[in-house]
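Working notes, structure below.
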Amino acid sequence: MAAAPPPKADELQPHPPKEQLAGVSFCITSPPPWPEAIILGFQHFIVMLGTTVIIPSALVPQMGGGNEEKARVVQTILFVAGINTLLQTFFGTRLPVVMGGSYIFVAPTISIILAGRYSNETDPREKFLRTMRGTQGALIIASTIQIILGFSGLWRNVLKLLSPLSAVPLISLVGFGLYELGFPGVAKCVEVGLPELLLLVVFSQYLPQVLHFGKDVFGRFGVLFTVPIVWLYAYILTIGGAYKNSPPKTQVHCRVDRSGLVGGAPWISVPYPFQWGPPTFDAGEAFAMMMTSFIALVESTGAFIGASRYASATMIPPSIISRGIGWQGIGILLDSFFGTANGTSVSVENIGLLALTRVGSRRVVQISAGFMIFFSVLGKFGALFASIPLPIFAGMYCLFFAYVGGVGLSFLQFCNLNSFRTKFIMGFAFFMGLSVPQYFNEYTAVAGYGPVHTGARWFNDMINVPFSSKPFVAGLVAYVLDNTIQVKDARKDRGYHWWDKSRSYKKDARSTEFYSLPFNLNKFFPSV
């Protein structure tokens, strides 16, 4: 029997690294036609609603608020998210990122809720207002750390030492680190969450390869096809009496009429600054919130780099990330003025949606910001969409967070994977990024407080919150090791040379195309 012919030389070649992601239908500067852009913008609005509803649903009842307060807080978060998204896409990084609520701020907010000075308040409404004003004061102080680090250029200097190798664990765990919000959320009502997860995979991955017509349509608008189908199915289960005798928890997750948002929301209402009253300040709570703000800054840095990839832009220069962080700080300041009980960071799920749709256009995200502001003012209509059962969102998160984790891993193409140094730094950073927060979270779940447990709750938060963040721990470990172990010999192994051009804004002409400010503002605010 004749031997198989030897393989051709080009068959054995590895895939060449690509500075910009290929296969994106509309990149950051090329908007789709207006009708399509409007529909895609609405899709981004639907996706960001999950976090917008989950956070107030967890916090407002503990603060003493009822459905009416919860609906108003959801409205306020939506309104401020719309403003912050416009600010970030026009004057910040200019990437197609949605700026929404952030889970990292939940822990210090709960500490404020549990503070001794509110425990003697008997009237729930008064307790809600007092704790809200306490969070506003803490957020005002916390915003300064991002504004100072961002606009002073200090964060730019930190990022100049970032290489593809040290960025991989940070970006990957920005996505993978949110696994607790994926299938565990689906399982809270598996008969609603699982159909959404499976349908979204079928619509976005399988239908385009089976059908010969409308290939792009199913992938690009997968969320708008699947959510109404599953929402209608959940509605039929609800009115059919499927949950009549179920436990209250199951009813909250599965029924379409249990969020209390539609009943509590006004028809028309415009959120305004200090609507809950003047903010109050506590030094300890401000310190804890400042530390949390720094963690959000680190996580958003990873999210910005991931978004630049899915927008098919070049690597985002450190000065542009720094500018974006400054504007994110202004976003947190706006959160504190309007009273959202939460800070702002990059919406990770919306970066995953950029990947699913293969549309990284800036205009689409700006349109979605318009929807956020519009539906926050028209309270009842916004509340209707916000009452989509949360397991449906969890089903979508399984895809979106996976896409963000995947884009983090894709930066390994610039590193030497045959180097023991690369394997150690990457593996150790990933392992510690998962293992350390696991210990902190497990300890907290069992004991009711974190491993650092002193009399000063604010000090506890300053230690416990950072080490409960998977991207922060992984990014910190990778950054320190990558800049201290055999640095000179490993320049190419760590992929550092691939980002040489983007380290300075002026070195790469393409940076102007993707990241320059509108209205000729670069003349007055030059990037370096």
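Keep in mind that glycine also has a Cβ here, set from the backbone N, Cα and C atoms.
Features reported for this protein in TrEMBL:
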- 38-61: transmembrane segment (TRANSMEM)
- 73-91: transmembrane segment (TRANSMEM)
- 97-116: transmembrane segment (TRANSMEM)
- 137-155: transmembrane segment (TRANSMEM)
- 193-211: transmembrane segment (TRANSMEM)
- 217-236: transmembrane segment (TRANSMEM)
- 364-386: transmembrane segment (TRANSMEM)
- 392-412: transmembrane segment (TRANSMEM)
- 424-440: transmembrane segment (TRANSMEM)
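A contact between the transmembrane segment (97-116) and the transmembrane segment (38-61) is present, since 3 or more of their C-beta pairs, 6 or more residues apart, lie under 8 Å.
Counting C-beta pairs under 8 angstroms (sequence separation of 6 or more), the transmembrane segment (392-412) fails to reach the transmembrane segment (137-155), with fewer than 3 such pairs.
Long-range contacts of the transmembrane segment (38-61) within the same chain: residues 32, 69-70, 73-74, 77-78, 81, 98, 100-103, 106, 109-110, 113, 128, 181, 220-221, 223-224, 227, 259, 261, 341-342, 347, 349-350, 353, 357, 359, 361, 364-368, 370-372, 375, 385-386, 388, 390, 393-394, 396-397, 400, each at least 6 residues beyond the stretch ends and with a Cβ under 8 Å from a Cβ of the stretch.
Counting same-chain residues at least six beyond the ends of the transmembrane segment (217-236), those with a Cβ under 8 angstroms from any Cβ of the stretch are 25, 39-40, 42-43, 46-47, 192, 195-196, 199-200, 203-205, 207-208, 211, 254-256, 353, 356-359, 388-389, 392, 395-396.
Proximity of distant same-chain residues to the transmembrane segment (364-386), defined by a Cβ-Cβ separation under 8 Å and at least 6 residues beyond the stretch ends, is recorded for 26, 31-32, 37-38, 40-46, 48-49, 52-53, 71, 74-76, 78-79, 81-83, 85-86, 89-90, 96-98, 259, 261-262, 264-271, 350. Counting only same-chain residues 6+ beyond the ends of the transmembrane segment (137-155), those with a CB under 8 A from a CB of the stretch are 105, 108, 112, 279-282, 285-286, 288-290, 292-294, 296-297, 301, 318-319, 321-333, 335-337, 343, 528.
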